[in-house]
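Single-structure report; data block below.
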Amino acid sequence: MVDTHKLADDVLQLLDNRIEDNYRVCVILVGSPGSGKSTIAEELCQIINEKYHTFLSEHPNVIEVNDRLKPMVNLVDSLKTLQPNEVAEMIENQGLFKDHVEDVNFQPIKYSALTSNNEECTAVVARGGTANAIRIATVDNPVNVNKLAQDSINIAQIVPMDGFHLSRRCLDLFKDPQTAHKRRGSPSTFDSNNFLQLCKILAKTSLCKVSSHHKFYSTSSVFEKLSKTFSQTIPDIFVPGFNHALKDPTPDQYCISKFTRIVILEGLYLLYDQENWKKIYKTLADTGALLVYKIDIDYEATEERVAKRHLQSGLVTTIAEGREKFRSNDLLNGRDIDNHLIKVDNIVHIRND
């Protein structure tokens, strides 16, 4: 079993080491289907946030939000802007660029939009269209920390790769839609273009520095340091999740807010050495604030786990069908990951048998 408390300590130590140079740190957590990566990511996130909530309960009124008079950081200034007629055409095509659904070289583009909460934002879309959109807040709402419930301030946030599954409508437009649906979960059935763009955005926020009038000492805790270095200039970033009942992405399921100082990215292909996936590691590693974990587990242990998950999700009607789906798809994806793992020295391998 994985010691998630030890992982939490390692992540917080990285944040402590980098807090003068990086606004946030990132964690990559990779594993084959059924390896338990989602559960580990959720536990890790919960442990870190609970530790911080405990600190806040013992240190009331410690939070400060700096840089209130400065403009928000522009995270996508280099992206092409969609013109209104192009936005209308995309919406008419059910939020898709019909000629680019399989184009892994399609460059993400931006346009003005609204979040699911009807707030103004910049939407960033790629070959998956609006289903896999990243939305970045453009309205600077000043934070009144005195009105915030302490247990609502989370410094860690998970971002599953699942939200970047290409929608079923998108797969319908593939040259071979039958194979695309059958092999859903393979590398080509994710919007790797926009996930890489998300990593570029996160890297840019990671390298932001905060103006703080406080002087910290070696005895200052990491929670004390980060509590004094939140920044109003960091915009909220909304990313999609995945609805297993609907079998499609859902918009704005996760929010990486200005209080998020640790982003836990979990998924199958974040260390994959092909197409856009191969650029993710370097994009985040160049910030100097990255931890990378690969979960190793025997495939025999994952078959039953994944088969039951398929049954519960309604993808199959019997456990036998679930096992067959695992062998014909998930097992192939897991082996593909192992055969195409990027070659870097700082991947920490952990067992979850």
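Just so it is clear, glycine is given a Cβ too, placed from its N, Cα and C backbone atoms.
According to Swiss-Prot:
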- Gly31, Ser32, Pro33, Gly34, Ser35, Gly36, Lys37, Ser38, Thr39: ATP binding site (BINDING)
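Surrounding the centroid of the Cβ atoms of Gly31, Ser32, Pro33, Gly34, Ser35, Gly36, Lys37, Ser38, Thr39, where the record places ATP, the chain contributes additional residues within 8 Å, namely Ile40, Ile295, Ile297, Thr302, Asn352. Lys37 (ATP binding site): 26 other CB atoms within 10 A of its CB, across all protein chains. Each of the binding-site residues Gly31, Pro33 was ranked by the number of other C-beta atoms within 10 Å, and first place falls to Gly31. Most buried of the binding-site residues Ser35, Thr39, judged by other Cβ atoms within 10 Å, is Ser35.
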